[in-house]
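Chemist: Quick paste of what TrEMBL says about this protein:
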DOMAIN    49-301  domain 'G-protein coupled receptors family 1 profile'
TRANSMEM  33-57  transmembrane segment
TRANSMEM  69-93  transmembrane segment
TRANSMEM  105-129  transmembrane segment
TRANSMEM  150-172  transmembrane segment
TRANSMEM  192-212  transmembrane segment
TRANSMEM  248-270  transmembrane segment
TRANSMEM  282-303  transmembrane segment
Amino acid sequence: MDICKTFENASKCSVNGTPMECFMVLSTQAQKISIATLCGLFGTLCIFENSVVLYLIFSSPGTRRKPSYIFISSLALADLLASIIFVSSFVNFHVLNGTDSSKELFLLKLGGVNTSFTASLSSLLLTALDRYVSISRPSEYKLLVTRKRAWAALGVLWAMCVTTASLPILGWNCCTLNSTCSELFPFVDDNYLSSWVCLVMALLGCIVYAYAHVLWRAHQHVAYMGKHQAQVGKQNSRMRMDVMLAKTLVMVLTVLVLCWSPVLILMIYSIFTKLTDHLRKVFAFCSTLCLLNSMVNPIIYALRSKELFSSLRAVFFRFKRRLRGTDDSPEGDSAHKSSVAETVCEDDVHVT
């Protein structure tokens, strides 16, 4: 593998030659089977879960009109695209050792992965800001966060993600600029990788800040309610909801940090020093954690919502009824009515 460490920038731009093969770091059949299994498992579950979330949101007039669910639908769409594009490209390259016919085609696929994962994180940020506004300025929430503003924010978000991901194919790559190439991605300029890492870290920092504020406000409310035990009923119920919200937020931040930290740390490390083959293999396995994050997102952000869970129950009972060929199911009707009757207040607790 010495040739992989000494080739010049001009040879790095080869597609079918040895330099491209240097990025195919999985050297044993066991490693390839492991990656294929992880991608197959996470990818299949991710596609199924996010497809279900999109169906539940857009099949109900009540949910598809709420800004909170508009943001969650964007998250589900981004994660769905991420799972399809990432799994197909990653398995083809690292497991099947397939090379594309041109640099442009490879960068187009990489841009698709980049767009979907960046859009996923950006949607998480909008969801976090939505929760931030709902708990910071509850009386003004409906005036500040409207459907029109929600769709406008998503338009800006996706436009930014597509533009950022398109820069390498538009010319910001090490072949066109004859600059230093990344050791992790073929054709990718180190300066572009640095900029993308900074963008992702800024998104993660804003998400953590927003949720930390929500968590702090929930903690304040629990402490306040603890000092006023005499006032029961609604207040005790609200305190239980705040505790539930706090637990959910801790789960959100833990999953986010665990899934993205290894990849970002290795990307930053690769910018400043040469990576060994072992570290590049570690990076390949750590990349599947981003896919894991896309798989877990629907469970944390969508299916913990009472409204969507009730809709899911209604769909399940309708499907069960069709299989049995029976008449209307009272359980399904009850679940559907429960779904329609959910309030924005409940969304603030169960959709984080």
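Every residue gets a Cβ built from N, Cα and C, even glycine.
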Chemist: If I take every residue in the domain 'G-protein coupled receptors family 1 profile' (49-301) and average their pLDDT values, what number comes out?
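Modeler: Mean model confidence (pLDDT) across the domain 'G-protein coupled receptors family 1 profile' (49-301) is 86.
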Chemist: Between the transmembrane segment (192-212) and the transmembrane segment (105-129), are there three or more C-beta pairs closer than 8 Å, counting only pairs 6 or more apart along the chain?
Modeler: yes
Chemist: With a cut-off of 8 Å between Cβ atoms, can you find at least three pairs linking the transmembrane segment (105-129) to the transmembrane segment (33-57)? Only pairs 6 or more residues apart in sequence count.
Modeler: no
Chemist: What else in the chain is close to the transmembrane segment (69-93), if you only count residues 6 or more beyond its ends and a Cβ gap under 8 Å?
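Modeler: Residues packing against the transmembrane segment (69-93) from afar: 23-24, 35-36, 39-40, 42-43, 46-47, 50-51, 53-54, 57-58, 63, 99, 109-110, 112-113, 115-117, 119-120, 122-124, 126-127, 130, 147, 150-151, 154, 157-158, 287, 290-291, 294-295, 297-298, 301-302, 308, 347, 351.
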